[in-house]
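S.K.: The structure's right below; bear with me while I get my questions together.
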Amino acid sequence: MMTALLLFWPALAGILVLLIKGKGAKTVAFVAALVEFAFALFAVSGFDTLSAHAQFALNLPWIESAGIRFSIGMDGISLLMVLLTTFLIPLIVLSSFKHEYRSPNVFYALILFMQTGLIGVFVALDAFLFYFFWEVALIPVYFIAAIWGGANRVPVTFKFFVYTIFGSLFMLAAFVYLYFQTPGSHSSDVNTFYQLPLDAATQSWIFWFLFVAFAIKMPVFPFHTWQPDTYTESPPQASMLLAGIMLKMGIYGVIRWLLPVVPLGVSQWDELVLILAIIGIVYGSVIAIRQHDLKRLIAYSSFAHVGLIAAGIFTLNEQGLQGGVIQMLSHGINVVGLFFIIDIIFSRTQTREINNLGGITQTTPALSIFFMILMLGSIALPLTNGFVGEFLLLSGVFQYNNWFGGIAGLTIILGAVYMLRMFQGVMFGTKTANTDNFTDLTLNEKAVLIPLVIMVFWIGLFPNTFLSISEPAVGNLLNIINR
Amino acid sequence: MNQIPEVIRTIPLNYYLFFSTALFAIGVIGVLTRRNAIVVFMCVELMLNAVNLLLTAFASYRADANGQVFVFFIMAVAAAEVCVGLAIIVMTYRNIRSTDVQLLNYLKW
Amino acid sequence: MQEIVMPINKQEMALLCLLIPLLPLLGFILNGLGNRKLSKGIVRIVGCSTVLASFLIAVYLFFDFTANGSQPYIADFYNWISVGTLEIGFTFLIDQLTLLMLLMVTGIGFLIHVYSAGYMNHDEGFGKFFAFLNLFMFSMLLLVMGSNYVLMFVGWEGVGLCSYLLIGFWNTNTSYNNAAKKAFIMNRIGDLGFLLGIFLIFITFGSVSYQQVFLEASNYTGVDTPVMITITLLLFVGAMGKSAQIPLFTWLPDAMAGPTPVSALIHAATMVTAGIYMVLRSNVLYVLAPTTLEIIAIIGVATALVAATIGLAQNDIKKVLAYSTVSQLGYMFLALGVMAFSSSIFHVLTHAFFKALLFLGAGSVIHAMSNEQDIRYMGGLRKALPITFITFLIGTLAISGIPPFAGFFSKDELLAYTYHHNKIMWALGVITSFMTAFYMFRLLFLTFFGEFRGTDAQRSHLHESPASMTAPLVILAILSTVGGFIGMPEIFGAEHVLGNYLSPIFNFARRANGPAIEPVQLDHATEYLLMAVSVGVAVIAIIIAYVMYISKRTVPASEDQRLSPVHNLIYHKYYIDEIYNTLFVLPLMWLSSIFYKVLDTIVVDGIVNGLGKFVMVSGRTMRYAQSGAIGFYVMMMVFSIVLILFLNFFI
């Protein structure tokens, strides 16, 4: 029941928010999101961290005649993803308080609807239910980006939408095929899928059908070109949703619906995927070095970071997978924080061009500290969250192949290059016309950044809090894959 | 009194086939060549009737009433079609003072 | 078989051990958060007292350690990261090496904190400065106290960050910021090597904690196996970055952009010696890879020589000291390379004394000269700055290797080992020693002797520094004078205190590859000869410098004068920065533009958009079939039906 509550509460709250005209909408949305986070914490408190199985499970008939069931539940990985989502959404809502969006009720309702979709993806234990929520999560963010986005929003969001839908169709096709392979009167349950005895050739093409869908969402090189444009044109909250949570859907999809379903397919193609991911790391980092639009820079850096997560996950060793899980949390926290800081800078200066910025740190000690911490987290300085993830991921990749590990490790250097360049350009140096009257953070802004920074250090100092939650699930996953 | 199916069966099946083919072909050619919407319409009816005839013939030869039931459906639908179709033709005539189908090419691209 | 003393778990010491890094961290948090609210007095007290407390605890630990039979112990706090078989504990190891480093870091760190209280007094970022210094202490202490490689890496990156923050301390200046960025990125290049080394250690030995790795390694059979060479080389790449060895040394001279106490603390005395600490810590791995050691020795001696030649022609007082630091670090690596491990740490120690002294003295000069750093505009300062002059002189004598100052003993010892190992390296080492003495005395003479060459405004402003600055100078001067006696060579009939003290940390190495690290036995005649040679060249260098800069009153050429080609080459640091810029930075920038503008926008996105366009174009073409003429549609329909029937029946 806990899972169902987590799943439907945001949707119900969203409907409520839709009915509220005027400024009350954001407050209600924020409170609803906080309540949702409280539910998630409650779920954590009742979660058995030693068990690898889905807990708080609910299994109801949905399309009975076809054997498709409304089956939800959370194992450790799902729980962490739910935790990330429920932690970030209130902050994302709070981060928008300084903006006056038109029709705020629709805006906040869409965010809450999206949360239902996201949580649905993370808790679904039935292939078609997963697919359903996968698409449900896409629609609200499309509207958020297309209605409240920048000047070039319509073609960009259209491309994003069509691109991702295009990928999902392959996934649907693969699911339908797998569904028909299940014995008896067919079932689309995740465990049934895990037990399908498919030959290597079949697994090989199913692998690609599923992989394309997930790769576009993550994105992995060369399926990434929707990302920088979309992040740049979206309103800050949509960028946060997309980068902070939505791209984790792709990684989560790989972990839950790709690796254990077609292990033979993975063993045929893992090397190629790793190469693509590692190309993405270097390629994204190198491109980020010369970007002068802050959002675009973060978009490329996010692309590079996700490449490392993808590479780590496909190594199929414990360090890589656990690193991937922890890095999903870290990346979500850091990227949301960075997008928010860009939003703060943009709302004060009306520019995101590094060349037009500078010297901000002179008047803003608080902003400098928060920005610095988030940047350091993002370049994986030890004792911040980024380090734990990158260390484990690189260790996993290195164990898979030493050379891959070495090349993927370039992210350590290149990440420092582009991040420091950005930080220096924005914060240091002399003031420009745009930054002349830059004021420090308001209370509202601090309220968003403080929880993020606490998490940066929490994950950095005590990663075992989170690693221990996902450990049994990851172990179980590896058992299934290596069966 | 002989049953109608038996009467029908007094004529060989082939004749029905040839006849309906001829009717159908006339209908097709009419649709393709005529410009007047009403004539085109009548030609469509002609094609429908060719099919009806064939259905009836087969139904009685195979002693299967389904075919004849079908004919009734087709007639009912055809009647409905005539209602709508003629209404459209009347409306277009009111608008463009013509029933020439070649002029009705606005619905494109 | 050498008996190995494994560290025991000593939880009762945990709190004390934890306090050592935690106190500076506390200072960082207090000073950092209260940056603009706390008064300077409070900042000063918080900043200095936390480090002093750490130093006192370290002293206590040291005596406690020796009193309890020198039993190494670990203090376990919590399990930091555990994934599968990878267990990384937040655990400190206290042994001889750690304690030595602790005393050095906190002791010199404290002196420099005191000095900074005077030096930075007029700076508006006073609180920020102390916060960063404290953070540096925290990171450096983690680095030396951690009981596994990952924890060392934590401190390793932490000191890199502090170095970045402190070099770019005056962050309105773009060139300072660039220097900071360069330092961080160059360090990160090394860090990647270190990180990969850690991974390989984990794969090879199944653990990253020192005890287990070293125990496994001491049972390792085979010397110079590829995997050992790779591990040690990767770790050494890390050391190259942090300790500014060829080819990653160019950041250190640029790092002089930071405030002078920073140059003294981070870029001379402590952080840059982290690389030596790391190699020394991993001595068992290195003795299993003599090839790596040979490479280290070559790089060390090359760095020493190259940096010394550059130092000959520099006119910025801090740049000269920076290059001398690089050069001395080269010596230390040379010592490591010839397996003179304890000589290396001996030199680290004495170098920390005299180099901190020299930098702080330079800071005092700069302070007096109103931020003038160019020695061409100094001169005759000995009267105005008597304490600074005397202490600076002691530092200079120490670095030049004049007995009985500290530098003599350590340098002589490592050169003796080098002589035993390879005569050519020894010769190069002696040449470096000659140049060191020359450029240091050139610096001394130009700064403190002769006529004052600055402006009148500077002349009227000349003053000796306040007590908080001179007191550390005096203490360091004393240490630089007597520091060498902890490592007296045997021929003077004294005990090598340091060598005996550190001996247990090489037990693993003795077990792994015993013959390799046997102490060198030179006969006394050779040893006296070597000493005479090194003292002799130093004295000759001093005389030449005296003749040139005091008797002939030569002043280095000003910027617009033409220099001889060789002079020009070393004045411009062999154009290494320019070469790196052309070889690495520009191609990377170029690649970035190409990737973005061509590959990403045109090729990858082009394919994606191309697919979209294909759909659009085909739609646009196909729509002409939709003519709107009913007759045409019907005809197409009939044709199609006929075609289908035809295909169906006849094919």
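Glycine residues also receive a Cβ, built from the backbone N, Cα and C atoms like all the rest.
What you are looking at is a predicted structure, and each value in this text was computed from that prediction instead of being measured.
Found this in TrEMBL, in case it helps:
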- A:6-22: transmembrane segment (TRANSMEM)
- A:29-47: transmembrane segment (TRANSMEM)
- A:59-119: domain 'NADH:ubiquinone oxidoreductase chain 4 N-terminal' (DOMAIN)
- A:67-94: transmembrane segment (TRANSMEM)
- A:106-125: transmembrane segment (TRANSMEM)
- A:125-410: domain 'NADH:quinone oxidoreductase/Mrp antiporter transmembrane' (DOMAIN)
- A:205-226: transmembrane segment (TRANSMEM)
- A:238-259: transmembrane segment (TRANSMEM)
- A:271-290: transmembrane segment (TRANSMEM)
- A:297-316: transmembrane segment (TRANSMEM)
- A:328-346: transmembrane segment (TRANSMEM)
- A:367-388: transmembrane segment (TRANSMEM)
- A:400-420: transmembrane segment (TRANSMEM)
- A:448-469: transmembrane segment (TRANSMEM)
S.K.: Between the transmembrane segment (A:106-125) and the transmembrane segment (A:67-94), are there at least three Cβ pairs closer than 8 Å, leaving out pairs fewer than 6 positions apart?
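M.R.: Contact criterion met.
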S.K.: With pairs closer than 6 in sequence left out, are the transmembrane segment (A:400-420) and the transmembrane segment (A:271-290) joined by 3 or more CB pairs under 8 Å?
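M.R.: Stretch pair touches.
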S.K.: Given the transmembrane segment (A:367-388), which of the listed stretches A:6-22, A:205-226, A:238-259, A:328-346, A:400-420 has the most Cβ pairs that are under 8 Å apart from it?
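M.R.: Maximum Cβ contact count belongs to A:328-346.
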S.K.: Averaged across the domain 'NADH:ubiquinone oxidoreductase chain 4 N-terminal' (A:59-119), what pLDDT does the model get? Just tell me the whole number, please.
M.R.: 91
S.K.: Most CB pairs under 8 Å with the transmembrane segment (A:6-22): which of A:67-94, A:205-226, A:297-316?
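M.R.: Ranking A:67-94, A:205-226, A:297-316 by Cβ pairs under 8 Å to the transmembrane segment (A:6-22) puts A:67-94 first.
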S.K.: Would the transmembrane segment (A:297-316) and the transmembrane segment (A:67-94) count as touching if the test is at least 3 Cβ pairs under 8 Å, pairs 6 or more apart?
M.R.: no
S.K.: List the helix, strand and coil residue totals of the domain 'NADH:ubiquinone oxidoreductase chain 4 N-terminal' (A:59-119) as derived from DSSP.
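M.R.: Final tally across the stretch: 39 helix, 12 strand, 10 coil.
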S.K.: Could you give the residue numbers and ranges of same-chain residues that sit at least 6 residues beyond the transmembrane segment (A:205-226) on either side and whose C-beta is under 8 angstroms from one of its C-beta atoms?
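M.R.: The answer is 156, 159-160, 163-164, 166-171, 173-174, 177-178, 198, 246-247, 249-251, 253-254, 257-258, 261-262, 265-266, 268-269, 273, 276-277, 279-280, 283-284, 303, 306-307, 309-310.
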S.K.: Let me spell it out: take the transmembrane segment (A:448-469), skip the flanking residues so only those 6+ beyond its ends count, and list any with a Cβ under 8 Å from a Cβ in it.
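M.R.: Tertiary neighbours of the transmembrane segment (A:448-469) are 44, 47, 49, 76, 79-80, 87, 91, 94-95, 322, 325-326, 329-330, 333-334, 336-337, 340-341, 370, 373-374, 377, 382-388, 441.
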S.K.: In the same chain, which residue numbers or ranges, 6 or more beyond the ends of the transmembrane segment (A:67-94), come under 8 angstroms Cβ to Cβ?
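M.R.: Sequence-remote neighbours of the transmembrane segment (A:67-94) are 3-4, 6-7, 10, 26, 29-30, 33-34, 36-37, 39-40, 43-44, 47, 49, 51-61, 108, 111-112, 115, 118-120, 122-126, 128-129, 182, 185-190, 237, 240-241, 244-245, 248, 252, 255-256, 325, 328-329, 332-333, 336, 340, 444, 447-448, 451-452, 455, 466, 469-474, 476-477.
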